[in-house]
Amino acid sequence: MKRTVIMMLDSFGVGAAGDAAKFGDLGSDTFGHIAKACAEGKADIGREGPLTLPNLARLGLAHAAMESTGAFAPGFADDVELIGAYGHAQELSSGKDTPSGHWEMAGVPVLFDWGYFSEHQNSFPKELTDKILARAGLDGFLGNCHASGTTILEELGEEHMRSGKPIFYTSADSVFQIACHEGTFGLENLYRLCEIAREELEPYNIGRVIARPFDGTGPNDFARTGNRKDYSLEPPAKTVLDKLKAAGGEVVSVGKIADIYAYCGITKKVKANGLEALFDATLAEVKSAGENTIVFTNFVDFDSHYGHRRDVAGYAKGLEYFDSRLPEMLSLLDEDDLLILTADHGCDPTWQGTDHTREYVPVLAYGAGLKAGSLGRRNSFADIGQSIASYFKLEPMEYGESFI
């Protein structure tokens, strides 16, 4: 039976990419810097000691990172019995954002330039916001700036609740984010507002509109809820997900995968929030998956909870939890199944600012007759999509080189 499981550790980079300097990210290293902080006793909040990832290490994580950076991360060495094939991949796409990374790993790199709102204050054109407000029947909005999603709630959450004005903000990514309180503004109202924004943003070539619902009573307890929703553009070409679906296969989205691909190529969507629930849902879908199925999960917490918030200890704890559950996944796989663990970009929690970092991503592959050992440096994330196409005997993708 042929099945593929893709476990996408959102933002888990393994060292500055070859073109990192163009992005201001030379020297970034999500995995390496987390390991270093743990080894130095600087990540002992909620956990303690060196970063411990025995199962990821057996799959080749430390070796992939060593080939990327030239040295083993602190606490890791060439002393494990490898069971997986490992490599590290350079992003071909023009950006270091979520859609670019995901689309490229499915065989469709983003070779055009996204639109961005580059001004840190007064970020959005008045013509754009006027149209959104008019269509939504609103008399104003808050924000209009680059911001951390948690900080802006502390600063503007109460005013939003009093005034009913939505919070519009952006970042270094090609994104338009809208934060609204679920109780006072309403979740469905937020979703409708995002749909309007998605339509009005078409001329600006913005990759995503993101609904950022939150709850709480004040700055001390405002918190995002699990009802985030991404409104992405469609990929510019057919991904390997589309091709498997067209061939009669199944593509199961766990978490925000369906949103990122604008539902293209998806046959089933499973909602789950948090590392534990996402892992549980992935296991459940693998248990029930039949022939010619992809189960594709985005573990978003690594990015949203730990990377952007620059929470080194939280990131380390999350990785150790993820690692502790990998044996459950491995025990479910048949000999012919293919397991791939990778990332869509970096988000080094020790780096300046709060944005993504341009890094190599790990490519860890297990099963399907693959021999344990190095896959080397891959020239594109699209090698993953090409390998999946080869595995399922689909029409080859335009980009990427198969390692199967």
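The first residue you see is number 1, and the count goes up from there.
Even glycines carry a Cβ here, placed using N, Cα and C.
According to Swiss-Prot, the protein has these features:
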type	residues	note
BINDING	Asp10, Asp344, His345	Mn(2+) 1 binding site
BINDING	Asp303, His308, His356	Mn(2+) 2 binding site
Extra residues within 8 Å (Cβ to Cβ centroid of Asp10, Asp344, His345), Mn(2+) 1
Met8, Leu9, Ser11, Phe12, Thr98, Gly101, His102, Asp303, Ala343, Gly346, Cys347, His356, Val361
If you count, for each of the binding-site residues His308, His345, His356, the other Cβ atoms lying within 10 Å of its Cβ, which residue has the minimum?
His308
Using the recorded Mn(2+) 2 site (Asp303, His308, His356) as reference, state which further residues of the same chain have their Cβ within 8 Å of the centre of those residues' Cβ atoms, listed in sequence order.
Asp10, Ser11, Ser304, Gly307, His345, Cys347, Thr354, Asp355
Distance from Asp10 (Mn(2+) 1 binding site) back to His356 (Mn(2+) 2 binding site), taken between C-alpha atoms, in Å:
10
Under DSSP, is His308 (Mn(2+) 2 binding site) helix, strand or coil?
coil
Least buried of the binding-site residues Asp303, Asp344, going by other Cβ atoms within 10 Å?
Asp303
For Asp303 (Mn(2+) 2 binding site), the spatially nearest of the binding-site residues Asp10, Asp344, His345, using Cα atoms, is Asp10
May I ask you to report the DSSP-based helix, strand or coil state of Asp303 (Mn(2+) 2 binding site)?
helix
For Asp10 (Mn(2+) 1 binding site), list the number of other Cβ atoms lying within 10 Å of its Cβ atom.
26
Give me the Cα-Cα distance between Asp10 (Mn(2+) 1 binding site) and His308 (Mn(2+) 2 binding site), rounded to a whole Å.
11
